[in-house]
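According to TrEMBL, the protein has these features:
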DOMAIN    121-163  domain 'EGF-like'
DOMAIN    218-259  domain 'EGF-like'
Amino acid sequence: EDECWTNTHNCSSNSQCENVPGSFRCKCKYGYGYRQKDNFTCLRIEDCKHCGANTNCIQQKGISGCFCKDADHAKCYDRKNCSLTDPAHKKCKFECDFWICQCETDYAHDSEITSAYICKDINQCTIQVGPHANNCGKNTECVNYDGSFYCLCSTGYELDYKSNHIIHCTDIDECLYKERSHAHKCGANTRCLNTVGGYKCPCLSSGFYRVDDFSCADKDECWEKTHNCSFNSQCKNVPGSFGCKCKHGYRQKDNFTCLSRSPGRTAPTPRRPRGSAEAGCIAHNHRPFKCKHMLEYS
């Protein structure tokens, strides 16, 4: 297709359209040159006299115009009313035959200042949609700084490397790590229990009591008299629990009950009477048991 013949080109009135295979080009007329980064618009070469401070005027065949010395922090003056004192965070843009001031990416014009064109930082952490929106996703914290931002994983989370342009963080299972900075601190007589965003250290069993958030100590059920050994046995404390050792003349029935060694006789397990001293059963050969200081039997 010949864009020049069909008039579907976008060459300016100061240029002439030339057809080329698969496209077209705009050739500036005599006395005109291309403007910066534009192969379609031609400007009068004499317009270079309007170039402002911190710009270079170029007049040569095929290209002419005003070009910024520093594309990021240039002081480019509008020939009408632009007055700049601080070039920070600005770049030049050539429009409508004169230079205007434009802020860098992630900066916006501070309209409250009228004495000069000042750019201020855009807080992307407060923006969820649009060209300046942050890409911090689930379980992250957005941290803004001058000119940009970064996404920080919340406590107990680490970067999910499977995510694409949106930054996500996933829960750390501290119970799986032993030598890394986020390994758990569960100590003696505890087990590590992973939770969302953290972990807990519960005691191994009810035979331990909590010392602090990360450690437990053994309970002495014998000293606390919270065991259930019979009166014919002696309580022996062991880590996390207790055992019942039968007294002389008795044998073990189960973990808590002792039986008389007399043939055919079983010593009942008495309950401790309230407010009395220890009571126990005395076995007599081939005769009923004689119980001393007993109020009731179990």
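Backbone N, Cα and C define each Cβ position, glycine as well.
Note that the structure is a prediction, hence the values are computed from the model and not measured.
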Quiz prompt | Average pLDDT across the domain 'EGF-like' (218-259), rounded to a whole number | solution = 85
Practice problem: For the domain 'EGF-like' (121-163), jot down how many residues DSSP puts in helix, in strand and in coil. | Solution: 3 helix, 17 strand, 23 coil
Quiz item: Reported in the order helix, strand, coil, what are the DSSP residue counts of the domain 'EGF-like' (218-259)?
Solution: 4 helix, 18 strand, 20 coil
